[in-house]
Each structure stands twice: as C-alpha cells, then as structure tokens.
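Asks: Dropping a structure here in structure tokens format, bear with me for questions.
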Amino acid sequence: MTEDFPKILPLLVEEDTFLYPFMIAPIFLQNNASIKAVAYAKNNKSLVFIACQKDKLNDNEAPYYDVGVIGSVMREANMPNGRVKLLFNGIAKGRILEPAKENEQGFLEAQISPIEYLEYDKENIQAIVEVLKEKVITLANVSSLFPPDLIKALEDNDDPNRIADLIAAALHLKKDQAYSLFANNNTEQRLLDLIDIVIEETKTQKLQKEIKSKVHQKMEQTNKEYFLKEQLKQIQKELGTDKQRDEDLNQYYQKLESIKPFLKEEAFKEIKKQIDRLSRTHADSSDSATLQNYIETMLDVPFGQYGKKALDIKHVREQLDKDHYSLKRPKERIVEYFATMQLLEMRRKKKPEKKDKTKGTILCFYGPPGVGKTSLANSIAKAIERPLVRIALGGLEDVNELRGHRRTYIGSMPGRIVQGLIEAKKMNPVMVLDEIDKVDRSVRGDPASALLEILDPEQNTAFRDHYANFSIDLSQVIFIATANNIDRIPAPLRDRMEFISVSSYTPNEKEEIAKNYLIPQELEKHALKPSEVEISHECLKLIIEKYTREAGVRDLRRQIATIMRKVALKYLEDNPHQKGRTKKGKNEKSEDQKSEDQKSENQKSENKDFCVSITPNNLKEYLERMVFEIDPIDEENKIGIVNGLAWTPVGGDVLKIEVLKIRGKGELKLTGSLGDVMKESAIIAFSVVKVLLDNETLKVPKIPSETDAEGKKKKKVLKVYNAYDLHLHVPEGATPKDGPSAGIAMASVMASILCDRATRSEVAMTGELTLSGEVLPIGGLKEKLIAAFKAGIKTALIPVKNYERDLDEIPAEVRENLNIVAVKNIAEVLEKTLL
C-alpha cells in the first residue's frame, strides 16, 4: 500500500473514539461536509481518512488528532433524522502530513501517509506478547471487556501490532492514552505500555467487582429486612397489636386540639408537624422514639393550666408569720409585692377590657446561709397555693441546662425552666432560682445571659427553649432568686431584680426560733413527745453561743437533732421491752388477739415515766465539742489593741487589731493575710495619724533629744513616728481578710501605741477612713453589731451615715443593750476610744 502514498484523501472526524485497522465499525455523520466527503469517495472509489476529535484544544491547533485510520466505505444509509450511517472498513494507520484544507466541493481533505512500524526482535516480542495475553486473560476473568471470541482471536493472531490494536480497542481508553498507543510505531514499547494498562485495569475491575458485591449484599439484606418487616406488620394487623400506635397518634392529635386555644400559632404548628412526621415514620425507625419523646414532653407542658387561687394578702401575712420568726422587713416587702398583684387583679375584673401593662418585679433574697431565704419562698407558695419549683443554679456552667438541648443531640431534653413547668403542672408556679450568685461561665456558654431573658418581664413572655423550638410565656411565673453575695451577680442581671436583705439572727431570735420551730420539728422527726425532752433556757443559750458559729439556724438545728438522737437511744435502752418470739402450735393466738396484746404492752411501756432534762451541766454528754462563736472581750484596757467589727459569710465577728512599735525609721509592716484594700486602709490610717501628731492634736510622750559631739542637746526634736517602726497584725492569719471598714480601728490602734495611751476594751468600731480624716459608711452593719452584742461590747462606733440610714434595721434587743455612737471624723473616734 505504501507505493501509492502519500496521497490526498477526504478527511472525516469521529467524535467519540479511535478506529483501528482491520476493524469494521458503524459511523454516524451529521454535518454536510462529512456527507459530501463520503459521496465523493463513493463516486470516485476513493479511500477516506478518519481522525478522532480532541476533547481539549490549545491555541492554533487542529480540533482533531494528526493520526487516524485509512479505510473504505462499505455501505451507507440515510437516517430519518437527517444523519447518514455508513459502515467503515479500516485498512491501515495513517498520519496527516500537512494541515487539512477545505476544497471546492466543501469538505476537508488532507495529505496522508501510512504509519510504518520499526523493526523488532521477534523472540523478544513473542515473549512480551505471551505476558500480555496472560494479563488479558486475568482481566477477562474479572470483567466483560474481553468476550470469548475476542480471546480466541488474540490466540489465533501472530501479528503483535494487530494484537495490540485489538486489545487497545477493547479497553475503551481515554483519547490521550489511546493516541499515545496509536501513534507509537515502536512495537515493543506499545506492548509494554499495554501490559501496564491491563494490570491497572485489572485492579480497577477487581475493586469495582468487590464494591458491587458489597452493594448487592447490602441491598439483599435491606430487601430482606423490608420483607420481614412487612410480614411483621401484616402479622400485627392480624393480631390487632398495631392498633396501639394508631391509638397513641389519635391521643396526640386530640390532646393537641384540646390545648390549641392556649398555644401560640408557632407552637401548635411545631407540635403538629412532629406528630405528622411520627405518623409517617416506621415504628422500628430510630427517629420514632425521638419524635415520640418530644411529642409527649411538649404535650406534658401545662398550657392553659393556672392556679386559680385568688390572692389574699392577709393569708400571705399569716403564712409568713406562721413559718418564720422575726424577719420583719422581708415580710413587709413580700406582703407589699402581693398587695400590688392583688390590686391589679381586682382592677382587671372591674375593667376587663383594659389590659394593664404593669410587669411584676423579680425578688431576690440575699444573706448568709441558713437565715431562711429558701423557706420564705416555700411560705409564699403555700400562701398563694401554687406549686413550688426549686432550680439549683450553684455551679451551673452550661447554658443549655436552662435553654434546653437541641434535638439534634442524642438524649436531648428541655431546659430546667420548661422541666419545672412540667413538674409543677401549672404555668404560674413559684420558681426559686437558688444560689443565683454561683452561676459560672464556661466554653459551653454563659447561663447568666440566659437568665437575663428569663427574669426580664419585658422578654419572658416569649422565652424560647431550644428543645421545644418555639416560644413559651413565662410572664405568669413568680420568680424568686436567692443569693449569699450579690456582688458576684453580673450587673445586667442585678438590674432586673429587687434585693431584699435577709440578715443574721440575734441570739434571742435564734432561741425563739429553736423553741417555736426547731425543737418541735425535731421531736416529731425523732418520734419523741414534748414531755420526754426538756431543754432549759440556759442550755439553749449555751448551745447557741458555744456550740454554733453561724448567721442562721442550720447548725443549731443539727445540734438539736444530735440531742434528740441520743435521747431516742436512751429511751430504747431504758425501756428494753421487746416483742417475744412465738412458735407455731395448736394454741397459737389469732392476729386480732396478737394486735390487742401488742397494744396493751405498748400502753404499759408508754405509761412508764420517761423524761430527759438537758441542762448546762449534762450538755457535754449530748454534744461533743464547743465552737466558741465569738470570744468575749478582755476586761483590761491595753495599749496597742483595738476591737474592730467585721462581716463574714457566716455573720459578723469581732477582730482584735494589734500593733507594736519597734525602734526604727518609721516603716509600717502588715501581717494577718490582709487583702489589697485592707492594706491601703492601713497606709491611709498611718498617714492620718502622722498628720494628727504633726498638728499636735495627739499628744505624745517626750523622746530623748539627740546630742552633738560636745554633748550639747540639739533643739530639733525627733518625730515619734520616725523613731519607731510599726508592726500591725490582725489575728487568725490563716484567714484572708479584706475591705475598707477597718480604717478607723487601724488609726485608733496606731494612735494608741504612738501616744502610749490605752484603749477602752468595751469599745468596738467600724468605718472607712479617708485621708482627710472623715468616716465613710460601710456595709453589713446589722451582722457587725450583733457580733459586738454577743462579745459583750458596750459601745459601738459607727459612721454617722449608717446611723441615720440603717439604725432601724438593727434588732431592738441589740439597740437596747449596746450604746451605738455615730462618728463623723477620726477626732471623734479617738475621743471615744483612747483613755
């Protein structure tokens, strides 16, 4: 064939794949140029050249490859859609020598030259062909690319290039890969490249076969499960057991319709949507249990259920007085709060068309532990006959605990607020947010920010719980918060609450509480009668003063409970009457006879006189060790010691502030675990005392004058505060102390030591001192004065502003037994303190 080439042939472009020699293949033509080229070849009995179209084109590049196949048109036929189908017979590979050009007839023609293969070593090529055939047979075992007739054709053929063309055509290679094999005239390299391609294709086919097998197995398993489930459903229908699910769905729809008037539109739609989803979900689906749990939880929320008890402030006052002794100011504020609510209800009934926009305030009871903050909330709930829900916020650091967990999480549930409504079964319970000052922030959010919405009357009408996914009205809930230290509550949250101080009890108040509440309650708990235990007045006073150290009565209750347990033990030891064992026999008594005999025996035992009297003399038998709440004051007046008054989380305390002077250069040393504020107070006090000494407001003893070298006395007198170093100490050094209220006490003790003047031991003081010598007000006055009263202090010096503002809050018992003196400046303090 080479003798007639190169020659110019009509050019056809095949879109999809390369054609190979000795291959008869159908080709579909659509454009006019190709159809004209075929007509020309048929009329002139000419060969044609078919090249494969490129997928990607570069600039100034022909849209087809420069190699293709030379062949003849065996047959052609016109198709209904205007296309032409022809049967092409490939004869030889060819290469385009020059770019194709369009001729006068309107089709492309190009100068074509056949591709000649390089010479090769037949033995070497034969070995490579055998390896290639082996790899092809391996591929044929895992795929359908090589049918048996093609394998036979490969085995019967001896031409290595013909074998390579047959394999390449069967592999359906990508165009660039096929071009690389097609255009290569190195027979050995072609065969080696084909071996690599066949090996990679074998791996791919094996992987696809494994994947298909797994998918098929999974589909079979799925179909099997579906078939079994359908069978199970039919069996359940026959047995009637599937009716329960339908009944549950009907109950959900009925319950939803019954509460529809009380639901917001978004809430109704959300719950209904989930019920509809449940009805479409298979009972064995994992979503079914999640949906059912959500629906039942939301339908348990008491929408439209409210406590109908009309408010009665008289009943509220009676309940508070019944449950709590003293606490006059907190009780008054609570009664005022409910008086406002009662008046609003009365006015609404008279003018129902008028909607009052007044929002209730949030009460927060704050004070030391055990003074009755939570029990006040309990009394409120009893008085207005509403359920009480207590939410402990201490240590809470996950905002989802309040707002609820989103339903995307496993084990999700509504927040504590919604859970509280479900627990109360009313939409207007009394909800106690206990220990609100101990809420913490963490990476899981800031619960205090969620409380802003909950406690804001302007926002809590549409509180959105993440689990519910709709807003819930909390405006009818009475929120009451409790705290020990309001300084730890964030400022925005403090702004939403009204604070009511529940401060420490006096010893007399504790005694009355013990008599009227604690002792009767503990007697009942320990199954003892009032006639069986007598605790004397002196003994009760001793327990309060020596065995407890607290602002409230929680520890006092524990001490009384300890006494009751020991009395109960003593009762059983003194009455060793036990029920005897009986043997079954003919003369065994009936159950009624046994019951009568037991009653008779119990009466005999009860009639026996038993009474334990607890006195100061035998108290040690019932209680272990004393605590010594506040040490009594020293009766002796001393230099360099002053009684200061302090506030602690368990109430007030009397702090002895001591100071020593040591020969030195006028330095001040501070010990006793003092905080930064207290250290600054000491520095201020030292400066104020120096000024008083310089002004000769304070008289100092004479200091030996310095002499010169000749023994003559100098006229210059050394200042006393420059001659000594002061060491100020506050005992109980292991206990951290801070605050500005010890300012006047520190100044007094420094003046005492520098002037060599004793202080009055029966005087105690509290107040912040400024550099100008003024006394500023302080906090915790009630607790401090109660501590002074307990310690036997006779005179307490307090800032004048506290005297004018807070004196009414001081218990009458303390005011009557304590001389409370208001002071404006340090001069008045020193006048009352120094002898």
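Cβ coordinates come from backbone N, Cα and C, glycine included.
As listed in Swiss-Prot for this protein:
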- 9-202: domain 'Lon N-terminal' (DOMAIN)
- G367, P368, P369, G370, V371, G372, K373, T374: ATP binding site (BINDING)
- 574-610: region 'Disordered' (REGION)
- 585-609: compositional bias 'Basic and acidic residues' (COMPBIAS)
- 636-835: domain 'Lon proteolytic' (DOMAIN)
- S741: active site (ACT_SITE)
- K784: active site (ACT_SITE)
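Show me how these features fit into the shown structure, please.
Replies: A C-beta separation below 8 Å, combined with a sequence spacing of at least six in one chain, links T374 (ATP binding site) to R390, V432, D434, T482. According to DSSP, T374 (ATP binding site) sits within a helical segment.
For S741 (active site), the Cβ neighbour count at a 10 Å cut-off comes to 28, with all displayed protein chains included.
Reduced to three states, the DSSP call for K784 (active site) is helix. There are 29 other CB atoms within 10 A of the CB of K784 (active site), with all protein chains counted.
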Asks: Measure the Cβ-based neighbour count of V371 (ATP binding site), defined as the other Cβ atoms within 10 Å of its Cβ.
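Replies: A count of 27.
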Asks: If I take the alpha carbons of G370 (ATP binding site) and K784 (active site), what is the distance between them in whole Å?
Replies: 17
Asks: List the other residues in this chain whose Cβ sits within 8 Å of the Cβ centroid of the ATP site residues G367, P368, P369, G370, V371, G372, K373, T374, in sequence order.
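Replies: Those within range, site residues removed, are F365, T482, N484, V502, A551, G552, R554.
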Asks: Give me the mean pLDDT over the domain 'Lon N-terminal' (9-202), rounded to a whole number.
Replies: 85
Asks: Roughly how many Å separate the Cα of P369 (ATP binding site) from that of K784 (active site), to the nearest whole number?
Replies: 16
Asks: Specify the count of other C-beta atoms within 10 Å of the C-beta of G367 (ATP binding site).
Replies: 27
Asks: From the Cα of K784 (active site) across to the Cα of G367 (ATP binding site), what is the distance in angstrom?
Replies: 14
